[in-house]
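Novice: Got these off TrEMBL a minute ago, pasting:
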DOMAIN    11-368  domain 'Kinesin motor'
BINDING   GLY90, GLN91, THR92, GLY93, SER94, GLY95, LYS96, THR97  ATP binding site
COILED    406-440  coiled coil
COILED    496-636  coiled coil
REGION    697-717  region 'Disordered'
COMPBIAS  702-717  compositional bias 'Polar residues'
COILED    866-900  coiled coil
TRANSMEM  963-984  transmembrane segment
Amino acid sequence: MEAAAASEDCCVKVAVHVRPLIGDEKLQGCKDCVTVIQGKPQVQIGTHSFTFDHVYGSTGSPSSAMFEECIVPLVDGLFQGYNATVLAYGQTGSGKTYTMGTGFKDGCQTGVIPQVMNALFSKIENLKHQIEFQLHVSFIEILKEEVRDLLDPTSLNKSDAATTNTAKVNVPGKPPIQIRESSNGVITLAGSTEVSVSTLKEMAACLEQGSLSRATGSTNMNNQSSRSHAIFTITLEQMRKLNPAVSGDGGPNDIMNEEYLCAKLHLVDLAGSERAKRTGSDGMRFKEGVHINKGLLALGNVISALGDEKKRKEGVHVPYRDSKLTRLLQDSLGGNSRTVMIACISPADINAEETLNTLKYANRARNIQNKPVVNRDPMSNEMLKMRQQLEYLQAELCARGGSDEVQVLKERIAWLEAANEDLCRELHEYRSRCTNVEQRETDAQDGSPCSVKSDGLKRNLHSIEPADYPMGETMIGDSREIDEEAAKEWEHTLLQNTMDKELHELNRRLEEKESEMKLFGGDTVALKHHFGKKIQELEDEKRAVQQERDRLLAEIENLSHGSDGQTQKLQDVHGQKLKSLEAQIMDLKKKQENQVQLLKQKQKSDEAAKRLQDEIQFIKAQKVQLQHRIKQEAEQFRQWKASREKELLQLRKEGRRNEYERHKLQALNQRQKLVLQRKTEEAAMATKRLKELLEARKTSSRDNSAVANGNGTNGQTNEKALQRWLDHELEVMVNVHEVRFEYEKQSQVRAALAEELAVLKQVDEFASKGLSPPRGKNGFARASSMSPNARMARISSLENMLSISSNSLVAMASQLSEAEERERAFSNRGRWNQLRSMGDAKNLLQYMFNSLGDTRCQVWEKDIEIKEMKEQLKELVSLLRQSELRRKEVENELKLREQAVAIALATSATGNSPNSLKHVPDDMNGPLSPMSVPAQKQLKYSPGIVNGPGRDSAAFIDQTRKIMLAILVFDIVLELAVGNLLMLSV
Ligand SMILES: Nc1ncnc2c1ncn2[C@@H]1O[C@H](COP(=O)(O)OP(=O)(O)OP(=O)(O)O)[C@@H](O)[C@H]1O
């Protein structure tokens with residue numbers, strides 16, 4: 001195959017793909033440190049800014065647009081005969097495999113390769129009637145500088161190799177794959193499997209098979225990390241019929257009219273650059289990492305050589321042969337290929353240094369000039385030339401003989417131009433309408449008075465200082481409790497008063513009724529008997545008088561028959577007697593009637609008395625009931641009061657605990673902030689110093705080269721200059737080490753803060769859902785025991801610290817990346833090029849020897865100092881342990897006392913006097929066990945405090961409070977001691 005003469009210069013296109021923060025990074029509380037300028041392909045990180053051809057992800061273009069914008073032109077070019085390469089580059093875990101789709105499984109359609117396959121086959125489907133196609137794929141990986149065939153049908157234990165990551169076993173006798181360069185400079189792989197495919201399914205199967213066979217392994221930074229560079233190559237061969245009109249008889253002319261094109265598309269998923277410390281790799285992983293980094297370093301050097309315009313012009317050697325990877329990518333970088341490099345980056349602040357390095361490489365790669373050409377076979381090339389000649393001749397013939405045709409064409413052009421104008425006008429109108437609509441939309445979004453107001457409101461809300469939160473909380477809580485208690489007491493008093501009043505009323509009514517009852521007085525039965533007897537007597541008297549009257553009437557009757565005067569007289573006497581008797585009877589009758597009347601009245605009053613009696617009974621029953629209720633209510637209230645007191649005690653305890661927790665948290669926040677601030681300042685100083693040293697290195701290396709070139713005045717100046725140069729180099733090295741050390745420490749601090757933040761946030765989420773957080777998880781118990789406000793305050797403080805830490809990390813990463821890059825450039829040039837003579841070397845060696853001797857002596861002195869400090873540290877630690885033990889003792893004592901108070905309260909609730917702590921064990925009123933002397937001194941605390949006079953509860957509670965206070969003071973002292981200890985250890 002020969003490259004056609006028609007070639008074009010084109011730069012490597014670079015797209016950046018920013019993946020989102022992934023689960024692990026979020027868990028570590030990482031911050032996004034990469035900014036993509038909206039509407040521009042520009043990426044900023046720290047103070048660095050880079051411009052690329054495209055930026056996807058984050059606030060750049062959506063990742064879905066990547067294929068259309070970057071890859072489709074390459075696929076189209078493939079059909080025109082141009083080779084192409086897509087290269088995914090970036091640190092481990094930055095998303096290369098995800099972007100390329102090399103981890104193809106179960107027909108997954110995301111990723112560049114699956115989309116390329118789809119596009120390829122749909123294009124072939126459209127063109128297959130005009131063009132004859134043939135497709136081949138190969139899939140290789142470079143693992144530990146060895147090329148391995150991922151499609152080798154004869155290799156054994158594929159799946160085993162994939163899962164256990166052991167080297168693939170090739171069938172004995174099969175020669176290893178070799179990279180060869182043909183006479184015309186085309187790189188080929190001898191011995192790799194090329195599978196001929198004719199359907200999408202077949203190609204997908206190859207990708208899947210190779211992906212499964214690829215070596216992957218788990219590291220701290222990616223649990224499915226690719227441990228090799230993988231290259232999936234699609235070869236597209238086409239046989240086109242050039243001008244079917246010229247001949248169609250199947251004769252030799254047919255061959256003349258055929259064009260054969262063959263182009264390759266390399267889809268490369270590189271292994272990620274990694275730092276062994278961060279990936280946590282050791283053993284085999286570590287070795288893999290070393291090879292990966294070696295390959296990538298070689299790639300970096302090739303990119304540097306090709307991307308530096310000066311070097312290119314100087315014709316500097318490009319070290320393609322330094323690694324198999326660069327050798328295989330020779331055509332893709334600076335050769336016959338259209339190349340797109342996708343720089344994959346993680347936005348996490350902990351990856352800032354690696355991200356910066358990736359962006360720098362990518363930026364350099366943009367300068368690489370390729371020379372892609374259409375790949376035809378020599379015969380086709382010749383035929384093309386002839387065909388072009390033929391076309392030219394035909395055109396000439398037309399120009400001479402076919403003026404009519406020209407006229408027709410001219411008319412057609414005029415018509416097309418008119419149509420074009422119409423379309424342009426329409427387009428213009430449409431655009432201005434679009435602008436109007438957009439303007440209205442923006443106005444609507446910007447000018448909403450509502451949003452302004454709500455912003456103002458938010459500001460007001462934010463301006464409320466949260467610093468006094470726990471106080472506010474306690475006070476609100478307390479006042480709410482006091483209100484509740486007062487209400488309860490008031491309610492109780494009101495009820496008691498009402499019931500007392502009711503009782504009083506009942507008593508009054510009872511008294512009334514009883515005095516009424518008294519009015520009825522006497523023995524009613526005797527009275528009745530007396531009345532009955534009286535009536536009977538009256539009856540008897542009446543009967544006797546009636547008999548008398550009847551006898552007198554009978555006598556009068558008898559006398560009426562006589563006519564003498566005596567009889568008359570007797571008659572008169574009897575008549576008078578009769579009259580008096582009649583009068584007597586009438587009188588008796590009246591008396592009797594009166595008596596009956598009286599009896600009736602008596603009966604009525606008896607009934608009334610009975611009713612009264614009943615009423616009295618009823619009132620008495622009511623009174624008993626009321627008295628019972630009063631008693632019950634009083635008992636209930638007493639019980640409530642007792643439990644309330646217990647609760648109050650508990651609340652006070654909690655209040656004190658909260659207060660203590662607040663103090664502790666504030667102290668912790670303050671201390672951590674100070675430590676962080678100090679660390680950040682130290683880091684900033686080290687970073688600044690490094691920057692200055694790096695700047696100075698540039699000038700000093702220039703001076704030195706001047707000296708080395710013999711521009712110095714004499715040998716002594718030269719010697720001094722070399723010594724200065726060496727000192728400077730060493731200082732740079734130490735400083736880089738210092739910055740890296742600070743960087744590691746800062747990363748650890750950040751990780752710890754992030755871990756705590758994650759726990760707090762999780763607990764907060766559980767609490768907001770009313771759930772209790774899972775037990776037994778690290779830090780969960782402590783976070784759940786915090787009050788919500790304390791938690792919020794801690795979260796905000798942690799976020800604040802994380803953001804400080806993140807900024808500091810990015811700044812350090814930036815300088816480290818700079819230093820690394822300069823160091824590489826420097827070591828490439830050769831560190832010792834400054835030395836031009838043996839004398840120089842000897843002098844410098846002597847100087848180094850002296851310096852080393854001095855340093856060793858200093859180290860020895862420092863060792864002694866450290867030993868002494870260690871002793872001091874030990875003493876402090878033992879003092880701290882003693883205090884801690886003492887604290888535990890006092891705490892136990894307090895617990896016992898609290899239990900005693902609880903028991904006493906419970907006993908008082910069951911009816912015993914609430915003022916006596918009868919159940920306080922004897923030893924509770926005794927003295928505390930003797931406190932260690934230093935602790936007593938520190939706390940100004942006398943054991944006598946708790947030697948109460950006896951079993952008086954108030955004194956007991958007072959003592960308990962004092963113990964609590966003592967614990968608080970203990971804790972503060974401990975905090976201070978721990979703080980000092982930390983300072984000392986730092
Ligand atoms: N654009 C993205 N959107 C969502 N998740 C992504 C994206 N890119 C990568 N990831 C996720 O990030 C993790 C690491 O991605 P991936 O394995 O592709 O990284 P890599 O650069 O190939 O790493 P290595 O070099 O170690 O093989 C994976 O879990 C992947 O799902």
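These residue numbers are counts, starting from 1, taken along the chain as shown.
Keep in mind that glycine also has a Cβ here, set from the backbone N, Cα and C atoms.
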Novice: Given a Cβ distance threshold of under 8 angstroms, which distant residues of the chain, six or more beyond its ends, lie next to the transmembrane segment (963-984)?
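Specialist: Tertiary neighbours of the transmembrane segment (963-984) are 653, 656, 660, 663-664, 667, 671, 675, 869, 872-873, 876-877, 879-880, 883-884, 886-887, 890-891, 893-894, 897, 928, 935, 938-939, 941, 946.
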Novice: Indicate whether SER94 (ATP binding site) is helix, strand or coil by DSSP.
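Specialist: In three-state terms, SER94 (ATP binding site) counts as coil.
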Novice: Listed binding-site residues are GLN91, GLY93, SER94, THR97; which sit with C-beta under 6 angstroms of ligand 1?
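Specialist: Listed by sequence, the hits are GLY93, SER94, THR97.
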Novice: For the coiled coil (866-900), what's the model's average pLDDT?
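Specialist: Taking every residue of the coiled coil (866-900) together, the mean pLDDT is 81.
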Novice: Do you know which of the binding-site residues GLY90, GLY95 has the most other C-beta atoms within 10 angstroms of its C-beta?
Specialist: GLY90
Novice: Using Cβ atoms only, which residues of the same chain lie under 8 Å from SER94 (ATP binding site) while being at least 6 residues apart in sequence?
Specialist: ARG19, GLY272, CYS344, ILE345, SER346, ASN351, GLU354, THR355, THR358
Novice: Relative to the Cβ of LYS96 (ATP binding site), which residues of the same chain, six or more apart in sequence, are found under 8 Å away?
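Specialist: When sequence neighbours closer than 6 are ignored, LYS96 (ATP binding site) has ALA88, TYR89, GLY90, THR102, SER226, ASP269, LEU270, GLY272, ILE342, CYS344 within Cβ distance under 8 Å.
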Novice: Take the Cβ of GLN91 (ATP binding site) and count every other Cβ within 10 Å, whichever protein chain it belongs to.
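Specialist: Total other Cβ atoms inside 10 Å, all chains included: 26.
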